[in-house]
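Before any comments, here is the structure.
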2 protein chains.
Amino acid sequence: MSERKRRGSTVERYIVNRLTAKGFACLRAPASGSKRKQPVPDIVALKDGVIIIIEVKSRASEENIYVNRDQAEGITKFSERSGGELFLAIKSPSGIRFLDFSKLRQTRGGNFVADKNLISSGMSLEDLVRHVESKLVKKLDLFA
Amino acid sequence: MSERKRRGSTVERYIVNRLTAKGFACLRAPASGSKRKQPVPDIVALKDGVIIIIEVKSRASEENIYVNRDQAEGITKFSERSGGELFLAIKSPSGIRFLDFSKLRQTRGGNFVADKNLISSGMSLEDLVRHVESKLVKKLDLFA
């Protein structure tokens with residue numbers, strides 16, 4: 001396993017462990033590199049009917065993050081079918097940020113980019129948990 | 001990989017491919033045997049906000065199927081946290097049946113058993129898809 005994949009896997013496990021501690025049911029995708037016809041996201045996190053889809057990227061410095069077009073299309077399609085919300089989790093030396101994937105900018109080549117400003121505006125893990133819990137409250141209100 | 005695991009994995013892929021063709025977003029768990037603290041189900045299948053959790057068992061003849069207590073507790077807890085529905089998918093020479101996990105009988109030892117009658121009363125894959133689609137219609141009605 002490459003250093004980059006190993007690091008990504010460590011971040012995935014960290015996110016899964018933290019969300020599990022917050023009451024989520026989390027499933028990680030099988031290690032990438034397996035024979036998959038279509039890209040699937042790294043993590044599916046579920047809580048009381050709320051569906052969160054997470055793709056994880058790790059970077060050693062504070063540069064921009066790119067998601068190539070095929071991968072972006074695969075995980076966007078997965079998220080749309082699921083009825084969930086898609087987030088890009090970026091682990092950098094300054095911590096982990098969760099970005100609404102629809103906020104990423106598409107380049108002329110069709111790839112997607114998260115620049116430094118977008119990344120620094122992302123949610124912390126605690127923000128993400130609060131976001132999901134606010135959706136749960138709204139769901140309950142529907143039945144009140 | 002043991003013959004039994006290999007067979008289970010083939011059935012998982014078959015179910016994922018069929019459900020994906022029906023518009024689901026499906027994620028398979030990493031191969032079992034990885035260092036997991038708590039059991040996770042084999043497949044999470046999502047469609048427009050409906051969450052289906054699937055544990056897969058394969059058997060070479062028409063005998064009863066057992067799920068050991070630890071595994072049953074793990075996948076039940078996962079399903080409860082997710083807000084989804086838990087099914088046991090049983091592949092036998094006569095085909096695949098999906099059983100509502102809560103219908104399994106608990107033995108004195110704490111394990112869970114699906115006997116022949118329960119298995120033969122299970123849903124086909126098409127039944128499962130219709131079941132999910134009927135839930136989608138009900139969801140839409142809520143907002144009508």
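Every residue gets a Cβ built from N, Cα and C, even glycine.
TrEMBL annotations: computationally assigned, not manually curated.
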With B:GLU12, B:GLU55 listed by TrEMBL as binding Mg(2+), identify the candidate in B:ASP42, B:ASP48 belonging to that site.
B:ASP42
In which DSSP state, out of helix, strand and coil, do we find B:GLU12 (Mg(2+) binding site)?
helix
Give me the Cα-Cα distance between B:ASP42 (Mg(2+) binding site) and B:LYS57 (site 'Transition state stabilizer'), rounded to a whole Å.
10
Starting from the Cβ centroid of B:GLU12, B:ASP42, B:GLU55, the recorded Mg(2+) site, name every other residue in that chain with its Cβ within 8 Å, sequence order please.
B:GLY8, B:VAL11, B:ILE15, B:ARG28, B:ALA29, B:PRO41, B:ILE43, B:ILE54, B:VAL56, B:ALA89
CB contacts for B:LYS57 (site 'Transition state stabilizer') [other CB atoms within 10 A, all chains]:
19
